[in-house]
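Annotation comment: Swiss-Prot describes Y107 as active site. Feature annotation from Swiss-Prot assigns compositional bias 'Basic and acidic residues' to 7-22, 291-312, 330-340. The compositional bias 'Polar residues' feature in Swiss-Prot is assigned to 264-280. Residues or ranges marked as compositional bias 'Basic residues' in Swiss-Prot: 281-290. The feature disulfide bond is assigned by Swiss-Prot to C198-C235, with similarity to another entry given as support. Residues annotated as region 'Disordered' in Swiss-Prot: 1-53, 261-360.
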Amino acid sequence: MSATYTDLREKLQSLNRDSPKEVRKRKQPASDTEEEDEAGSEPEAEEEEARKVRSGIRQMRLFSPDECAAIESKIDEVVSRADKGLYQEHTVDRAPLRNKYFFGEGYTYGAQLQRRGPGQERLYPKGEVDEIPGWVHELVIRRLVERRIIPEGFVNSAVINDYQPGGCIVSHVDPIHIFERPIVSVSFFSDSALCFGCKFQFKPIRVSEPVFFLPVRRGSVTVLSGYAADEITHCIRPQDIKERRAVVILRKTRTEAPRLEMKSLSSSYQPERLQGSNRQHILKPKRSHRKADPDAAHRPRILEMDKEENRRSVLLPKQRRRSHFSSENYWRRSHDHVDTYTETGEDEGSPVRKVKMRRH
């Protein structure tokens with residue numbers, strides 16, 4: 001009889017254990033000397049990779065519990081307005097255990113793309129998503145400007161990701177051709193973690209150990225730039241979302257970022273339906289606009305993973321790939337902890353199928 005799991009996170013833990021078949025398939029070193037060389041070089045490479053990731057991260061605790069509660073009530077209002085259908089179509093993107101709310105600027109990604117792969121993401125035409133709510137400016141952005149984390153006028157894109165327990169977002173790099181750096185995120189409702197360099201595998205679903213594990217506390221601000229933003233993927237694993245968690249992601253779009261044109265809006269409508277003010281859309285219809293069912297956490301296909309089923313392996317551009325010791329070649333565990341980051345500055349195996357990641 002097959003094992004029964006009460007939660008997807010238990011299934012992931014079970015699947016991450018090596019099966020005898022997988023162990024037999026692993027390549028054995030040709031000699032004891034080769035084995036010693038590999039054992040000696042891999043930890044050094046892991047430490048170097050983790051050091052590079054750390055160099056691109058700043059993290060600080062900025063919002064008090066009372067301030068968090070005030071912002072969280074505003075996030076609940078956003079959810080309520082979306083449930084009532086008060087936002088534009090492309091403002092809201094729903095998936096099991098994860099809803100996204102785009103403000104200021106929205107863009108195509110994942111299963112919405114006609115052509116998939118890095119560099120294919122496009123901004124929506126101006127006005128296709130709702131403006132950034134006033135409370136985001138007043139309660140969040142203003143504080144970041146006052147603390148000189150970002151310059152005034154930097155943010156023109158705000159995304160709220162609302163996760164339920166067991167939710168996740170697969171490994172990705174925020175599209176470099178769409179967004180300037182840094183990438184700023186503020187966490188609410190509960191503690192979680194951000195993982196760098198993980199591999200996601202599907203059928204069965206499993207997630208590798210990260211190159212670097214970064215605890216993320218409620219009320220904390222995380223700033224990614226340099227290596228951490230551009231040269232390695234980041235993700236949120238299902239096992240790291242134990243309670244509801246929301247994150248406000250604040251970014252600036254590039255002036256030269258490609259944008260969909262209204263006249264080319266697509267193909268899912270028949271010509272006879274394009275009368276009057278009806279507009280075509282170049283996007284595929286969204287998979288679902290319904291809320292996740294209560295038992296969604298126990299299903300094997302979760303969140304954005306269902307959008308990744310047919311994706312090719314998406315790593316970084318060729319010129320940025322490393323032939324050895326890259327985050328996409330090894331499964332690693334970080335021994336670092338968030339307490340090494342302060343407010344004051346910069347100190348602040350083998351899967352069955354290819355890794356499925358995407359720029360996001």
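Numbers run from 1 along the shown chain.
In case you wondered, yes, glycine gets a Cβ from its N, Cα and C as well.
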The answer, for which of the disulfide-bonded residues C198, C235 has its Cβ ringed by the most other Cβ atoms inside 10 Å, is C198
What are the sequence-distant neighbours of Y107 (active site), meaning same chain, six or more residues apart, C-beta distance under 8 angstroms? E121, R122, L123, Y124, P175, I178
Could you say whether, by DSSP, the residue listed as 'active site' belongs to a helix, a strand or a coil region? strand
